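Per TrEMBL, the features are:
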- GLU156: active site, proton donor/acceptor (ACT_SITE)
- GLU253: active site, proton donor/acceptor (ACT_SITE)
- 34-273: domain 'Xylose isomerase-like TIM barrel' (DOMAIN)
Amino acid sequence: MPAGYDDCLTARAALRLAANVSLLFADRPLLQRVAAAAAAGFTAVECQFPYEAPAAAWAAELRRHGVRLVLHNLPAGDWAAGERGIACHPDRVAEFRAGIARALDYATTLAVPQLNVIAGVVPPGVARGVALATLVDNLRVAAEACAAAGIGLRLEPINSLDIPGFLVDTVDVALEVLRRVDHPALQLQFDVYHVARMGGDPVALWRRHHAVVGHVQWADAPGRHEPLTGAIDFAALADAMCETGWTGWIGAEYLPADAASGGTERGLGWIERLGLHRAADPGRAGAGEGCKR
Ligand SMILES: O=C(O)C(=O)[C@@H](O)CO
Ligand SMILES: [Mg+2]
């Protein structure tokens, strides 16, 4: 007998969510967002850049609230000044490589299982091929250092509508880089929002490439708000993830539609509407079960 709607919900319940505390709960200082995520029911968080607080302060806060930090980025240049990654910048190689050590210091202290690299915008006057070669060399070094620490490395395509000139703006470009680096520690960060903004079909691309995905993030498109506020079919995507046996993390990385105080909490209803859970509990039944609608 084919599985029905209830079976889909059972399978989806095994998907593991992490709250991205760079975008969620953003009406309070960064470290206090761990408590806010825990109060909202999350047991895992991710953070774009944890570096404004010492790793020891993060460790204390995570321990206090029983929360895991499951991903953060390598340093990516001067974000506040508008930089969006330096990994493809030929004149910033020393800075990128110093950032590997800094990120690994946080990740090892905080038992973070994976780090993400922001490739960057092709700098003016630099040929695209040179930027790509720089990125590949930097990723080889980063992947080797991460592997030695037992940590995974991720490369995230980011749409070039929001960040014009971003080098790795599609899954295809990211896959080309992965092939050239050819290191088992390096996998794709599949951010559903960026995929959709570049015109990709998230469900089709997931089915084609899930085997090389190490981390998922999502927001709806085009507004980058909560799932179920835009055009992406999150139910179909969640079911595709279940069918393909996805057991990794899904970072809820979106701009709450109601950004005013309490906006994050008020907007979390999509989790239950999709049959997901805020607390990550790998013991829940259903992981990897087939689900045909
Ligand atoms: O923008 C995203 O998407 C991210 O995941 C960030 O970490 C980088 O901007
Ligand atoms: Mg992302």
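Each residue, glycine too, has its Cβ placed from N, Cα and C.
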How many neighbouring Cβ atoms, not counting its own, are there within 10 Å of the Cβ of GLU156 (active site, proton donor/acceptor)?
19
Could you state the whole-number distance in Å separating the C-alpha atoms of GLU253 (active site, proton donor/acceptor) and GLU156 (active site, proton donor/acceptor)?
13
Around the Cβ of GLU253 (active site, proton donor/acceptor), other Cβ atoms found within 10 Å total 24
For GLU253 (active site, proton donor/acceptor), just give me the three-state DSSP call.
coil
